[in-house]
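In what follows, a single structure is set out as structure tokens and then discussed.
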């Protein structure tokens, strides 16, 4: 974009502005948003100061940020995102927005140069006093001394929470001399201390808990946007007590008890750990002198204000909203007199003392003394929308007027296409710039602004894809993610005390933890399991692979089995029979398909390439891979039968559309079968829009079509006039005949009835079939189906999908009103989820009184199908603002303009349901909001509380996400394998089921499980060899290490585990050293055919297998073991060698030496 800034920089108008910008109060008029951004960016580039850009709200801030990223390095661009809504202070904060705020405050506190975009609400918000914030900026360097207690104390002040193992953002742990911290910004880090000196700093992977790279120094940012010290708590207690005593007599008696509960709920008086998320609502009482963000800026900062009058309007409504919000919470006993979140001074007062540059599109009167007014003449660019003739005449006009023409396109390939298009129009153009650009020609560069603009006085026009092709999307340069990807789904196999487990031989029990028991004078660790009644089972940790976590649907509580009973055997036999049946069915289908002859497509045509280049978005890697897999299938002679899985909005439709286009290009017809009329309509519109420039005849068959239209479509399918038909089950009626059907696309097959599924089966005969589903298919199942069912998976979301901001809060009409107003004010729509059909119309009336001007519709499952469809369609077409609905919206409806979801009684829903419902919003380029409400002052059941806690962690990462994924995976398995399998999965747990299925499939395919070459080794030594709780306190970590030890087969693995133990837990004690010795002995034994090493008190018995006895070179062994002298005796029993070792001092070392010698004495067999 340097060409643009160069042209601007040389212009006299800009130079006039540059002289007074930041020097005196100036009004700049006439500039469109993108032109204004270009000027501000150039001013920033030329100065060494901080620049503050104030907008009226966050939406505006986001828009300007996207354009500014084209000119300013992301490292120097900061935003202070505060929602335009009070409710935010009362709900769980989204870590994304919080980390952005912290990044901004930290940069300001450190005096960094940057361009800072702050919405009005952010400017007025009460913040931690600047000095306190500065005192809590920490940089740690290797070699420095730290006071550990003081350091840990500071972390707590900064909002970090102490845990035994760090797995989430905002946590820290202390183990021995190792401190782990997971900051809000950047990688998790591990600090190793030598007494009080920092010996090393490393970043580590949360997934594996292993260190990665050494670093010399690290900045630790706060984990909350408020600092809470002991002093702050002391001050807060006094202020809150006064506020409580002041409020109590002034409110209605009926709510005084509620006020008392609110007051006590902050637990200020008995707790030592304070939840920053909750205390933030008391910010007005926290600090003696709180700051606002303006106090964080340098004194010479440059200030630019975007649309002053709009800011004043927002300020007015903000003040009114804030007042009514505070008085509402006071009247309902949820707040105190004196509570506030923003400074009430006028906007102008806040920025007093700074020379300000005001940008306004139109000349306007302002109550401010202005020193300069600079007027620009700026015009919008005509929208061409791909109309070639208009485009040519406009470009010709620019050339004739000697304009500098800058054309911005979003990808490199489009640069070449654009140049070819201009040369067809005889417009001179260049794509590479050498020094200066002459006027009267176009320069085509990669870049993107929200809109084009024309500055006639400068002789400059900037044209973007939006004007050229009505491009829907504007690419944003990727911002560095504030939250690292280290928190991807951690295995949901983590065992917690109380979890249900499945023991392969004993069935379903409950995990009670790891216990160290003394058996025969030696200490060992055992996994303690609870079975039916009082039965308990202790499983030695070296047999832990027989125990799996029981994973089934969220609402299923399994029945505990009885130890020693026969019910588990019967259950397993039933499931075994069922998986064998399924395996057989799958294999038969697969063989039948392999034998079938279908149509073999050729390579992609030129039209296909053009069609694919027309797609306005960048494909995700998963989409591209899926498309390649589908095309490969189509180019084979056997018919395709592929299942494409991908979350809602991840771009499955585009993949299907490309397959459909390929089929049509070879003269084949395509049937696109969907479960609902609405989806049919949406897919139909997508196809029409994508294929408008190509000679493809597309028709729709659904209830929205007249009998006459349907008759014509049927006729067209028969004669071959219709290329693609989209429809509901109407497509399955027997009187439909295709001239040459080549591809059948089925969306969400599991939602069709049995009769329809049978009909789909007959249609599939010798035709390529692509089935789409939004329910994820589990990885393990995916693996066991390899070779019997073709699966493509889209797991990556499209770029620039904003994470949905999720709030969990108590039900309160003022919160609801505020959320509704906010969405409607940005011309959006709202899903209001209310799951009680009997009172849904009363709820609508209640909302209508709250929002008299809104159009509100109702949708629920007891309406007739036609009414429901018409309501949904009207909502999609923007005829209603709010849809009060039951969970009927859970599947398949796409309303890009609905970006707020409010769910009443969220505690009654399953997590996977909430996860899918939340996927309804945030599907366009706007931020989506989801409010999960739970009844105020209701005592929640433990499961509901856990569920809400999990939802709080929903922000794409935490355990809530894992549970939802787990539940959906099981649902996906049920869909793929048939409904009754769902029940079987629930009886034995998902993992055991997958394992049994995989074995059955392999057996039916004739794939033998590779027989283990190496026999099991039993090592039984009377030694204290275990992981003491003093060394590893966290049970999950303990189990994880035991699992690794159990799987160890090489010395490299042993060295790796030793490194890991020292890395994560510091130097290990003697019990752990012995445990590692035993594993080392086992590894030697594995490699040398030893089957048993048994401690018999004074001697140790070693048994070799017959095969190992044949392979051993006795001469080499005797020579090597001479140092052991008479302590070693050799014998033979049943053709197998036995060795006894008499115990002496250091006998463990002698044993290690002996097994090593046995391994080295093995003859290498020639068979290889």
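Every residue gets a Cβ built from N, Cα and C, even glycine.
Your range for motif 'DEEQ box', going by Swiss-Prot and the list 747-750, 751-754, 755-758, 759-762, is 747-750. Counting other C-beta atoms within 10 Å of each candidate's C-beta, the binding-site residues 646, 649, 651 are led by 646. What surrounds the ATP site, by Cβ distance within 8 Å of the Cβ centroid and not counting 646, 647, 648, 649, 650, 651, 652, 653, is the set 774, 794 from the same chain. For the binding-site residues 647, 648, 652, 653, the largest tally of other C-beta atoms within 10 A is found at 652. The residues of the motif 'DEEQ box' (747-750), classed with DSSP into helix (H, G, I), strand (E, B) and coil, number 2 helix, 1 strand, 1 coil.
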